[in-house]
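These come from TrEMBL:
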type     : residues                                 : note
ACT_SITE : E283                                     : active site, nucleophile
BINDING  : F106, A107, V108, Y111, D191, V192, D193 : UDP-N-acetyl-alpha-D-galactosamine binding site
BINDING  : D191, D193                               : Mn(2+) binding site
Amino acid sequence: IIKTSVLSTLLTWLLLLEKFNLYSWLTLYFYWVMHLEVLLPMGVCPLARMPLLRDNFSGPLDPGAQPEVLTCTSWGAPIIWDGTFDPDVAQQEAVQRNLTVGLTVFAVGRYLEKYLERFLETAEQHFMVGQRVVYYVFTERPAAVPRVPLGPGRRLRVERVARERRWQDLSMAPALGGRLGREARFVLCIDVDQHFSGAFGPEALAESVAQLHAWHYRWPRRLLPFERDARSAAALGPGEGDFYYHAAVFGGSVAALRRLTAHCARGLRRDRARGLEARWHDESHLNKFFWLHKPAKLLSPEFCWSPEIGRRAEIRRPRLLRAPKEYALLRS
Ligand code: UDP
Ligand code: MN
């Protein structure tokens, strides 16, 4: 009872703060506010006690392996946490299917020198080890792409894009329709300003895959930073939105990604024509897409963790770590 009343007080405060648009501000400047988040329950997978939850790569899942976090969604998609799947089964399954997995990454401007080499080197150690992998690096300077030694069955392709293309998916669409689309069965699209730190295997593959945002996975739904301006194509109404997904990691089959990129490109074009820009740009449109078309699988924040958040009991094995932000230095 005490815990419930503490939580409801906390929630009331959070809602009040959100009313005045203060919550993001507070978490930015007062680090400790974030630590209170861990008191908010994430919810429990209704299927946790039923051995029904399956994953087309790792077979039967154990949604009860992490009882303190949500391990499935209301529409029955698994949320992949460490311990809920068997990595060996996932590995064998992927080998049996003889898959080629694509990994797309943009490295434009200073991001190339700053991040790409470590990104690729650590991907060689941790990303889909034992599978056939094709890296697709999108850059305006193909000659500057570092020559990272690749393991057997792994290759790197470089695609030239115009420098000013901030919106990645616009430039990814032709690739999906071309060689990338022919070569890869599944594709993961990942930001370059991070490095792999643990096994990121076929358990992360599905028809469509969304990443729970490390900064928001414990926030109450109505506080999530969706676009709320009804004029924007990315707008979600009150009560809409399941989770806040991070645009730094998403993926799926080539067909699903073509639908996603087309949706986001259309939304961005429509907004621009009206002189609008969604709150979190492409990420807002991605969140709208996944609200309308539920992802088949969600990745826990272990798959894209921000070390600034500090230690969390449920983050046992981070697989990808984000670099600290250095916008002033890197952009422009
Ligand atoms: N990016 C890039 N050059 C830039 C800006 C962005 O290559 O000048 C690519 C890069 O892959 C980066 C991604 O776009 O990881 C998203 O940009 P950023 O990481 O700055 O956005 P945020 O993580 O803040 O959403
Ligand atoms: Mn990033």
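Keep in mind that glycine also has a Cβ here, set from the backbone N, Cα and C atoms.
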Checklist entry - Using an 8 Å cut-off from the Cβ centroid of F106, A107, V108, Y111, D191, V192, D193, can you name the remaining same-chain residues around the UDP-N-acetyl-alpha-D-galactosamine site, in sequence order? => result V105, L112, Y115, L116
Checklist entry - Between the binding-site residues A107, V108, V192, whose Cβ has more other Cβ atoms within 10 Å than any of the rest? => result A107
Checklist entry - For the binding-site residues F106, V108, Y111, V192, which residues place their CB under 6 A from an atom of ligand 2? => result none
Next on the checklist: With DSSP assignments reduced to helix, strand and coil, which class does F106 (UDP-N-acetyl-alpha-D-galactosamine binding site) get?
Outcome noted: strand
Next on the checklist: Let's check the environment of Y111 (UDP-N-acetyl-alpha-D-galactosamine binding site): how many other CB atoms sit within 10 Å of its CB?
Outcome noted: 18
Item to check | Length of the line joining the Cα atoms of E283 (active site, nucleophile) and V192 (UDP-N-acetyl-alpha-D-galactosamine binding site), in Å | outcome: 16
Checklist entry - What number of additional C-beta atoms lies within 10 angstroms of the C-beta atom of F106 (UDP-N-acetyl-alpha-D-galactosamine binding site)? => result 26
